[in-house]
Structures are given as C-alpha cells and as structure tokens.
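Single-structure report; data block below.
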Amino acid sequence: MDLENKVKKMGLGHEQGFGAPCLKCKEKCEGFELHFWRKICRNCKCGQEEHDVLLSNEEDRKVGKLFEDTKYTTLIAKLKSDGIPMYKRNVMILTNPVAAKKNVSINTVTYEWAPPVHNQALARQYMQMLPKEKQPVAGSEGAQYRKKQLAKQLPAHDQDPSKCHELSPREVKEMEQFVKKYKSEALGVGDVKLPCEMDAQGPKKMYIPGGDRSTPPAAGAMEDKSAEHKSTQYSCYCCKLNMKEGDPAIYAERAGYDKLWHPACFVCSVCHELLVDMIYFWKNEKLYCGRHYCDSEKPRCAGCDELIFSNEYTQAENQNWHLKHFCCFDCDSILAGEIYVMVNDKPVCKPCYVKNHAVVCQGCHNAIDPEVQRVTYNNFSWHASTECFLCSCCSKCLIGQKFMPVEGMVFCSVECKKMMS
C-alpha cells in the first residue's frame with residue numbers, strides 16, 4: 001500500500017465509545033464525543049480513558065500491532081478475517097473454596113491480565129506483591145487503573161499513522177521508520193522469575209550488553225555452588241533494597257539479566273506508574289513507558305497529543321505545538337499572532353477568556369479583561385481603578401490605601417465597617 005492510500009485511510013475513530021459516561025465528571029458530561037483532532041471529549045474535555053468506554057478488543061489490537069514484527073510475536077495471534085494482530089492477553093482465574101454453614105462455595109477471582117508464566121503460583125505471588133488498588137481484578141479499581149494506563153502509556157497514535165490527524169506522506173514515512181527503530185532498539189516485555197532460578201542457569205544464559213561481565217574460574221579451581229547460592233544477595237535495581245528469598249522478581253532482557261526489580265518497582269522512570277502488562281522501553285539505563293520514551297526522542301504536540309514529525313512547529317509556554325494546532329482550547333481558533341491567556345496550562349483566546357474564565361469585579365460586577373490591572377484579595381477581585389476599588393460604605397478610593405476586607409466588601413475604617421454591619 002503506497003503512502004497516499006495510507007493517508008486516505010487515516011481517521012481518529014470518532015464512533016468508538018460515543019455517548020459513554022465520564023467517570024470523572026459524572027452527570028456534568030453529556031457523554032463521550034471525540035473532538036475532531038484533539039484526543040479528548042468535546043463535551044467535558046476529559047480524555048477517552050476517563051470515560052467508561054468498552055475498548056478491550058481495541059486495546060488488544062493496539063498492543064498486538066505494537067508487538068508485530070518483533071521477537072514478541074508469541075504474544076499475538078492474527079485474526080483469519082482481516083489479518084490484524086491481536087494481543088494474546090494472559091487472563092488468570094483463581095478459584096478458592098469458601099466454607100459455608102452447609103455447603104462449600106467457590107469464590108472465583110478473574111485477573112484481566114497476568115504474567116505469561118507456566119507456574120500459576122508464581123503469577124499469584126506476583127499479583128499479591130502489587131498494591132491492592134493496582135491489581136487488575138475484573139470489575140475492580142485495579143482493572144480501571146490498568147485500562148487507564150494502557151491508554152496513557154501506549155497511545156495508539158505513537159505507533160500507528162492511521163490514528164493521527166492529517167499526516168503528510170513524508171510524515172507517515174518518518175513515523176514508520178521511528179516505530180521500526182524503537183521496536184528493534186528499546187521495546188521489551190518483563191520476565192517474572194525467581195532469582196535463585198536465574199542464578200542456577202549460569203552466566204552463559206545471561207544477556208548482558210557489551211559482553212559477559214562474569215569472571216570464569218581459574219583452571220583447576222573447584223566451584224562451591226551451594227556456598228555461592230547461600231551468600232548471594234539480590235537487590236532491586238529501583239529501590240536498592242534486598243529481595244526476600246522466595247519472592248518473584250522482574251527481569252528486563254534489554255537491561256541485562258544482572259538487573260532485577262520488585263514487581264511494584266517495575267515502573268516508568270518519568271511518571272513512576274507501574275509499567276502496564278510489564279511492557280517497557282529501555283534507554284540510558286532507565287525504564288520508560290511508551291509515552292515517555294517517545295517524549296525523550298521526539299517533541300509532542302500539546303494540542304493533539306501526537307508526536308511531531310514536521311520540520312516546522314512552534315514552541316510556547318514551554319510546550320510544543322503543530323503550527324495548525326496552536327489553537328484556543330475553547331473555540332479552536334488559531335492563536336498565531338493573537339493575544340491569549342493560559343488557563344490550566346491550556347491557551348485560551350481573549351474573547352473566550354472573558355466569556356468563560358475571567359474573574360468578575362466585585363465593584364462593577366463585570367468581567368475583568370486579562371490585560372487590565374486588578375486587585376485580588378483571597379477569592380475576590382476588583383478592577384484597579386478609582387471607579388471599582390472603593391470603600392463599600394463611603395466610596396473612598398482604596399488604591400494604595402490600607403483596607404479592611406469582610407467577605408466580598410472592603411472598608412476604609414472601623415467606623416465604615418460598623419455602619420454597614
């Protein structure tokens with residue numbers, strides 16, 4: 001398929017999750033409606049991950065595409081219908097007998113994801129070492145956390161040009177090369193193993209970048225492996241604390257098997273969130289989630305949340321923007337050369353600011369223009385003028401004078417305050 005056809009096929013998937021309720025805004029949001037180029041709801045401005053959108057198949061497709069053309073093809077299966085790679089997510093179901101007065105009932109716990117290991121006891125141990133609120137039990141807070149991190153850490157628009165907004169053929173080609181590069185140089189999936197088992201495999205099976213660092217025994221020397229095993233101390237690469245004997249650890253092949261992590265310490269070095277499904281990116285001796293690895297390689301547009309592959313883009317307020325996306329957060333009008341105000345780190349044009357965000361003057365009860373001087377005390381504001389910042393009793397101008405605040409009123413003296421009380 002040539003680049004022009006790829007560009008024509010692009011779309012942000014506006015039908016996905018349409019009308020889903022917002023878990024954050026509740027009834028204030030009319031339901032999810034994807035903005036035509038931002039990755040947010042048009043109604044409440046929250047992300048799709050904040051809405052109760054059923055995306056299990058879509059997420060499995062996204063992760064499946066991430067693992068396509070990598071060494072992790074054992075974690076995907078291609079659908080016969082369309083050939084799209086699907087993530088073979090490992091689901092773990094645990095059954096525990098619960099004693100009742102008459103009969104023994106079975107309590108079933110389903111984990112929406114679990115480490116792909118043959119030893120279920122090891123997988124169970126791994127889960128128990130995660131914070132309770134982050135264990136992906138179906139229908140729980142932990143399952144919602146995993147869903148949110150899948151969306152946040154592994155954005156589809158960081159790997160699939162068809163999920164981006166109006167890329168040029170040149171940008172599509174550059175993005176494909178970028179994705180191919182990080183798949184071959186940085187992408188990995190953690191392994192859950194017991195440290196003593198890894199030690200027993202010996203140095204020949206250890207992956208260490210730059211060669212084997214172990215020192216072979218001298219000729220004729222006897223190795224006391226039992227003594228070596230007893231004295232071995234394993235410490236977590238993140239928190240530096242020792243591993244407890246019998247506890248599982250996570251290894252990352254790209255980091256080398258001389259490094260290991262507690263399950264709860266296998267986190268992104270930037271956002272410090274658990275690496276979802278143990279999917280990591282390794283760079284400069286650090287673990288990253290997909291989002292923050294890409295951020296370390298490319299500028300990201302603060303408007304559309306996509307990586308910038310264009311040679312021309314703008315920088316404002318310590319953020320990067322596609323030229324066409326430096327727009328008012330409220331009305332989407334282009335802001336180049338216009339006056340704007342930052343509201344919660346989002347640029348807003350002057351008319352929208354006055355209409356939707358400006359504070360109201362306690363004196364004249366009109367909105368205060370962002371370019372006009374004002375006086376603020378606690379949550380109250382006034383125009384810094386002789387017409388507005390006045391004593392609430394005698395109308396004396398208080399600019400540059402001492403005053404006594406009482407809720408939304410100000411007084412020049414105790415006498416004036418008493419007269420109004």
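Using N, Cα and C of the backbone, Cβ positions are placed for all residues, glycine too.
Listed in Swiss-Prot:
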- 92-199: domain 'PET' (DOMAIN)
- 133-164: region 'Disordered' (REGION)
- 155-164: compositional bias 'Basic and acidic residues' (COMPBIAS)
- 234-297: domain 'LIM zinc-binding 1' (DOMAIN)
- 299-359: domain 'LIM zinc-binding 2' (DOMAIN)
- 362-421: domain 'LIM zinc-binding 3' (DOMAIN)
Across the domain 'LIM zinc-binding 2' (299-359), DSSP yields 11 helix, 19 strand, 31 coil
Would you mind giving the whole-number mean pLDDT across the domain 'LIM zinc-binding 1' (234-297)? 97
How does the domain 'LIM zinc-binding 1' (234-297) divide up by DSSP, counting helix, then strand, then coil residues? 17 helix, 16 strand, 31 coil
Looking only at the domain 'LIM zinc-binding 3' (362-421), what are its DSSP counts of helix, strand and coil residues? 7 helix, 17 strand, 36 coil
